[in-house]
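Below: the structure, in structure tokens.
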Amino acid sequence: MRGRFTPFVVGVGLLGLALLNLVFALYALLIGDPTLGFVWTVAFALLVGAPLTVIGRQDARPARREALIGVSLLWLSLTFVGAVPYVVNGGMGWIDAFFESSSGFTATGATALNVFEGFAPSMFMYRAVSQWLGGVGIILLFIAVLPQLAIAGRQLFFAELPGPTEEKLTPRLSQTASAVLFIYLSLTLLCTLAYRGAGMGWFDALAHTFTTVSAAGFSPYANSFEGFDAPVEWVAIVFMFFAGISFALYQRLLQGRTWFFWHDVELRAYVAIIAAVSALVTLGLLELYEPLEAVRYATFQVLSILTTTGYASADFAAWPERTQALLVMLMFVGGSAGSAAGGVKIVRWLMVGQSTVREIRRTLHPRVVMPIYLGRVTIPEEVMRAVSAFVALFFGTVGFSTLVLAWLGADLVTAFTASVACLGNVGPGLAGVGPMSDFSHLHPVSRVLLSLMMIAGRLELLTMLVIFDRRFWILPRRRPRGRATHSW
């Protein structure tokens, strides 16, 4: 029967959210924080999720249409229901709560929270854990934890951990999910111990670990990392670097296939971008800081923006404009495909660069055949068309959002950088949405739009936007069996 896979996936997701909030209700009760928001979320998620799971149906080979709808509705439902604790426990309005929840589950890091004092510790940890889940992908996590979804097919994995091509890390999806979670949990443990060793308390170490390995960026402090000492910043630098590397490479490294790790084209480009832009930003900061401080601040902020983590060790919106321009450029780049980072992804830019060079050369030699390579792999033309369409759609969406935000009262720099930062899952922008500011002052319509853009960006745009195509909802007609068809 058609249409039963989507409610099953959404229902299972809501049941998982109920379990998460049950844990936080117990944690809040233990430390004396408000529990009502978590309890209401458990009740609502169970009330909606249980019937959906019952009426839904697990499908080994869901239609692509159902898989896309399932991914989009799952993320939207988790974001909406997950906003309840922000309203009840945090005292936020529904629009701000939806924005905060979107930023959390998409691992973006943009915040509408403008008063950090008095916000319950359990809510700060809830924000952090939501980003930790968003980093690895709630869908992938549920496939690993709930084996009945392991047979759902490659569609869901492709939608959540997308790259230019759908590469098999291991023969079976359940094995892939297990490998990714093992790596993710290992990074989480190591990062927590490193933060603790650098001088953080256990609460801060956990809260920041959840948002570092997920390349997310929420912090319990309004000034992010500005109040921490240099050793803590260096720990963040190291693990932000790790978070921006493809999990496919970690899997190969664990398998002993080190050649593939060190010769990966995207990894080399990733390291080169970090080194080059950090050097340029350092030069731009020498007028403000001592040389060693300039290196630390520059490297921290370059990694934070490139990996779309969104931390800030200083107010980079007050830095020289030439350094701000470099950071804005990085917002369009993103981390590695298959990593916890968001954005366009480095590998796509490598392919777009080769395609551009090819078209320039074809101007002189129109009939020459020039395939595009990624390392030793030849990229099919249909993949190149998809990559080009994605990049064009990314820029088009940023342009549309900038126009809407500016129309609703934001200045041009705020509108532009807010659009890029939310669609690319970066977090902070410049001007009115800088690293020491928040998004709560923007028009309510702007905040709703940016919330949807965070979700669309996390789901690689096309996954969510395709459901707004009228033709997407037109089901193909089934031909009657056993009856001949003729074309006249």
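Numbers here mean position along the shown chain, with the first residue as 1.
Backbone N, Cα and C define each Cβ position, glycine as well.
Not measured: the values here are computed from a predicted model.
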For this session: Pick the one from Thr53, Thr79, Thr108 that TrEMBL also lists for the K(+) site with Thr308, Thr309, Asn425, Val426.
Result: Thr108
Seminar exercise, completed: Surrounding the recorded K(+) site, with Cβ no more than 8 Å from the Cβ centroid of Thr108, Thr308, Thr309, Asn425, Val426 and those residues left out, we find Ala107, Gly109, Ala215, Ala216, Gly217, Thr307, Gly310, Ala341, Gly342, Gly343, Ala421, Gly424, Gly427
Problem set entry | Leading contact stretch, 7-30, 36-55, 173-195, 326-347, 448-468 vs the transmembrane segment (234-250) - CB distance under 8 Å | 326-347
Exercise. What else in the chain is close to the transmembrane segment (270-289), if you only count residues 6 or more beyond its ends and a Cβ gap under 8 Å?
Worked result: 241, 244-245, 295, 297-299, 301-303, 306, 319-320, 322-323, 326-327, 329-330, 333, 335-336, 346
Exercise. So, does the transmembrane segment (386-408) come close enough to the transmembrane segment (67-88) to give 3+ Cβ pairs below 8 Å, pairs being at least 6 apart in sequence?
Worked result: no
Exercise. In sequence order, what residues of the same chain, 6+ apart, have a Cβ less than 8 Å from the Cβ of Thr309 (K(+) binding site)?
Worked result: Gly109, Thr211, Thr212, Ala215, Ala216, Gly217, Met240, Ala243, Leu303, Ala341, Gly427
